[in-house]
Amino acid sequence: MTTATAGRSWRRALRRDWQLYSLVVLPLLFFLVFRYLPMIGNVIAFRRFEPGGSLLGERWVGLRYVRMFLADPTFWQVFTNTLWLGTLILVFCFPVPIVLALLFNEFRGRALKRFVQSVSYLPHFLSIVIVAGITMQLLATDGPVNQALRAFGGEPVAFLQEPGWFRTVFVGSEIWQTAGWGTILYLAALTTIDEDLYEAARIDGANRWRQIWHVTLPGIRPTMITLLILNIGTFMAVGFEKVMLLYNPLTYPTADVISTYLYRTGVESNNFSYAAAIGLFEAVIGLILILSANQLSRRAVGTSLW
Amino acid sequence: MTGVVVVTLYPFLTIIARSFSSESRIRAGEVSLWPRGFDLTTYRIVLGDGMFWRNYGNTVLYTVVATAVAMALTTCYAYVLSKKELKGRGVLVGVAVFTMFFSGGLIPHYVLITSLGMKNTLWAVVIPNAISVFNLLVMKAFFESLPDELEEAAQIDGLSTYGILLRIVLPLSKAVIATMVLFYSVSFWNSWFSAFLYMDRTELMPVTVYLRNLIVGATGGTNAGASTEQLTQVASNIQSVTIVLTALPILCVYPFVQRYFVSGVMLGAVKG
């Protein structure tokens, strides 16, 4: 198609559908200003930004800020913490919904099953602030967990002040909050599995376990992989808000992650350019991770997000 | 199965028990599932706190305004995206979907909101979160599932695009609209970070930030009705009470609305 005809067909489309196009003006403006402009705004990672000055910084300083954070020992500490938390979340929080979904699926009482599912979704609907609050109350020195410890003759533990406990606490509360809700998509996938396959497996003499292994799991594999890719995409952003709520200077050694560190340097200490450089680094790694996970799964198992 | 129920509910029951117990019994580590030394003083303190009510009211206000704005923008965009023959539709979808995988990051957002003068205004919590791409895709999938013939007939009868959207499509979409209103309102009700980031004044905070300040021990967050001595004495009690009161609206509507959430997510998963 030549440019002239392309231009004409656009004009025709605009004339015919102008009312439709008029509806996208505001939403499109939203995306451009509040999603894409900040992406461009990342140039302040390479420019010197002065508060009150231009949105895009005052002058080029090249890789100065990148070099700065690469030489910053705190950066490497929070980088390691991010990898740790991300990995633990992936290893522990990803499989739980699958196991739960299989469990729900094996269960026959319909009304009771629905009740249990409804209960398990509940934590998902609470504010992360409430979840953090509940976690802190449970683990407080006078909380039920420490009561139980004392009842078994143990010493009370200051879970929220010990760096050694932070990862456990974080992953535990994450499982509590997300596991039930995470089952929904798997349960949807389970309903699409053909009953005949189970029939055939039974005729071949497969017991319950073999049926799960050979029919159920392959049946939900596309869902598993899709969710895995999405999880890998958020790997670097690990529960930023919850870390913000649960951590304190005592637990920084294990709890401080890239996003909390950049919050403190950027918003609290006004080093916008430095923090933007860290943020850009984080976002780029995230993008690379999701692109390669997608590519890998397309090659290996033929399922991909796009 | 029972295990799932117990593990999920136990923390709630504990918090409720603690909120009704006397501070001394909590300190002694006697409270677990049942209130000990039944005591409503803390409820009286929190409910007598002007700032608590102010922040609670803010949450209601922010949730209503933000949900309205979000619904208007999301519906318009989703409707247009559902028009398969529209020129440029692919680009419009791409513009939205790309933001799911790459974002500008905290600092550029912060700088932008600040320089737009939106700090310390309602708009800082409303506008930047106005469209959730997930919700957008769910709505788009729903609109695509409506029969084209209806709209064609309406068009022949002389309705404009706006007329079709308002008088044909929206009345047929009550189910998805209800679901989206729930999705948005719950997420705005629960959100705290935007307000925390962009608002400096206590009287502008939503109740989630009030609670956050309590749990990180930033401030007493309180003025009327209680002496400081009373406050420090019952600090952890106040947390439990505030947690209960903040979660209460969600806990009340939850049994009636959760099936909409489930069907909404299913719709997004199957068609998205």
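Just so it is clear, glycine is given a Cβ too, placed from its N, Cα and C backbone atoms.
All annotation found in TrEMBL is predicted automatically rather than curated by experts.
Values in this document were obtained by computation on a predicted structure and should not be read as measured data.
Annotated domain 'ABC transmembrane type-1' per TrEMBL: B:56-249, in sequence order. According to TrEMBL, the transmembrane segment annotation covers B:60-80, B:92-111, B:123-143, B:164-189, B:238-257.
If one looks beyond the transmembrane segment (B:238-257) by at least 6 residues along the same chain, the residues whose Cβ comes under 8 Å of a Cβ in the stretch are 15-16, 18-19, 42-43, 45-47, 52, 56, 182, 186, 189-190, 207-208, 210-211, 214-215, 222, 231.
Through the fold, the transmembrane segment (B:92-111) approaches residues 77, 80-81, 128, 131, 133-134, 136-137, 197 of its own chain, all at least 6 residues removed from its boundaries and within a Cβ separation under 8 Å. Sequence-distant neighbours of the transmembrane segment (B:164-189) (same chain, 6+ residues past either end, Cβ-Cβ under 8 Å): 59, 62-64, 66-67, 70-71, 74-75, 79, 125, 129, 132, 135, 138-139, 142-143, 146, 150-151, 154-155, 249-250, 257, 260-261, 263-264, 267.
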